[in-house]
Amino acid sequence: MERLNLKRKLGDKWISTLASIWIQCTSGSLYTFSIYSPILKSTQRYDQSTLDTVSVFKDIGANCGVLSGLLYTFATPSNLRNAYFGGPCLVLAAGAIQCFVGYFLIWASVVGLIPRPPVVGMCFFVLLAAHAQSFFNTANVVTAVRNFPDYSGTAVGIMKGFVGLSGAILIQFYEAIFHNKPTSYLLILAVLPTINPLLLMWFVRIYDTKEQEEKKLLNAISCVALLVAAYLMAVIIVDHLFTFQLLVRIAIFVVLLLLLSSPLCIVSSLRASEKDSSVTHQSLISEGQRFDQEMEVHDTRDSLEEDNLNLLQAMGSVNFWILFFAMACGMGSGLATVNNLGQIGESLGYSNFETNTLVSLWSIWNFLGRFGAGYVSDHFLYVKGWARPLFMVLTLSSMSVGHAVIAFGMPGALYAGSILVGVCYGSQWSLMPTIASEIFGVRHMGTIFNAITIASPVGSYIFSVRVVGFIYDKEAWGSGCSGTHCFMLSFLIMASATLLGSLAALALFFHTKNFYNQVILRRLLHSLRA
């Protein structure tokens, strides 16, 4: 009976992971703002400045997730693990409610079901809809870290990677079902990202079980993620070269659904392998050895609990503010880049086709950074013992190079620079939560990493408004601007800022070096012995 319970828990753990992945696939609706922003602008009679103001509240809502972290921590006491309605489930339900209310009110405003709201009202609707993403992210990312503490980088990379792809996935759904019907798409955004978490949230739970094949199976899911990204990239490129008929778009979406459902085979293989190996594995461990292992795990967990800091304690440490500054430089300059890609391409003489392709492919580079940084940092932490902040140093310094490449505007520079900036920008979204969980502990991880995420809209405002917007307006003189001088100074400033961010990350690396040597590596060695 005990062996059957162990096998069931391991299987459920992977079902929890799969449920989280599928929720992430529909939780990035804010990345599709460009689909419905024209109809929002025309029906509400907004000028471009007002529409940009509404868009800012979208970014604020998505990146201010402290409430989701507090709810997760409050609803997940240690004795609530494996409960059917606990922290992850409650947080996902709260996010689903916000998503439905926010998008439904936007849709109702667009179709005239309710009177046209004032701008501040629409800003609140958009903020509420976007705020739901922080709840989905917190529930799925923190649960993944708790379920896979020895491979937290890979787990976070998978979760963050799929939310990065979710914009492209939702756009494929729109193109297949509601092509050129943005009003209907708004209603779907109120329904689909709401129903999906409500159906799957019962499976997203925290488990204490471990097994020897975790890395192999996480690698298999990672391969599926890469396959989905490659498929979407191919579809995006071909779609910009040819005009797909409706049946072709439907076929493309069906293939996408099959790819997203393929991890079910991985879960099935897990259960099959557990059935074949559980008896042999258990027979090798005597009762005395099992008791010693349980005592060792208990002692290790007790020592690790001492490292769990709450938000106020974390904010009182220098490590928190180093991470905050580095993220403001990296995430802020990355958002400023993607927000201005179209205008940069226009000033450098790129065609609309070329700039639209660059914007569409940004989600792919974003995914590669999110997934790759988590996977690679896990690998080198195990094999070489390299502390994770070192990878933040490398990605931020590489982002600095990407900004400099765009600044000088040589032929092909925007392609190369946007790829480099996009990958390195995505890397921060998997590195930062993982580093926060390791330095400050997992008990209040949701609250702490969401507090650090506030650096993203702060940095975006500084670089987009105070740097790029201000300098462009000076260069344009109200009649447009063409040539490398339009954005050269802005991107040189952002290159300098990300270089400063990499130096801050280097300081974090040296400041936490002993911690990683003594605590993280000890945890990994203990896991390998277990």
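One-based numbering along the chain as shown.
Note: Cβ is positioned from N, Cα and C throughout, glycine not excepted.
TrEMBL lists 89-113 (among others) with the feature transmembrane segment.
Look at TrEMBL and you will find 119-139 (among others) tagged as transmembrane segment.
TrEMBL lists 151-173 (among others) with the feature transmembrane segment. Listed as Cβ neighbours of the transmembrane segment (151-173) (distance under 8 Å, sequence separation of 6 or more from its ends, same chain) are residues 17, 20-21, 24-29, 31-32, 35, 133, 136-137, 140-141, 144-145, 188-189, 192, 214-215, 218-219, 221-222, 225, 228-229, 232, 235-236, 249, 252-253, 256, 260, 360, 363-364, 366-367, 370-375, 377-378, 381, 388, 426, 429-431, 433-434, 437-438.
Summarising the annotation, TrEMBL assigns transmembrane segment to 185-205 (among others). With a threshold of 8 Å between CB atoms, the same-chain residues lying at least 6 positions outside the transmembrane segment (185-205) that come near it are 12, 15-16, 18-20, 22-23, 25-27, 29, 32, 35-36, 39, 81-86, 88-89, 92-93, 95-97, 99-100, 102-104, 106-107, 110, 129, 132, 136, 139-140, 143, 170, 173-174, 177-178.
Here the transmembrane segment (217-238) has long-range neighbours at 14, 17, 21, 148, 151, 154-155, 157-158, 161-162, 165, 168-169, 172, 252, 255-256, 259-260, 262-263, 266, 269-270, 357, 360-361, 363-364, 367-368, 371, 375, meaning same-chain residues at least 6 beyond its ends whose C-beta is under 8 angstroms from one of its own. Under the heading transmembrane segment, TrEMBL lists 217-238 (among others).
Taken from TrEMBL, the feature transmembrane segment covers 244-267 (among others). Taking Cβ pairs closer than 8 Å, the transmembrane segment (244-267) reaches residues 11, 14-15, 18, 21-22, 25, 169, 172-173, 175-177, 179, 217, 220-221, 224, 227-228, 231-232, 235 in its own chain, all 6 or more past its ends.
Taken from TrEMBL, the feature transmembrane segment applies to 318-338 (among others).
Residues annotated as domain 'Major facilitator superfamily (MFS) profile' in TrEMBL: 318-530.
The feature transmembrane segment is assigned by TrEMBL to 414-436 (among others).
Per TrEMBL, the feature transmembrane segment maps to 448-472 (among others). Beyond the ends of the transmembrane segment (448-472), by six or more residues, the same chain brings 56, 59-60, 63-66, 68-69, 134, 138, 141, 309, 311, 314-315, 320, 323-325, 327-333, 335-336, 339-340, 343, 432-433, 436-437, 440, 481, 486-487, 489-490, 493-494, 497 to within a C-beta distance below 8 angstroms of the stretch.
Per TrEMBL, the feature transmembrane segment maps to 487-510 (among others).
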Stretch among 119-139, 318-338, 414-436 sharing the most Cβ pairs under 8 Å with the transmembrane segment (487-510): 318-338
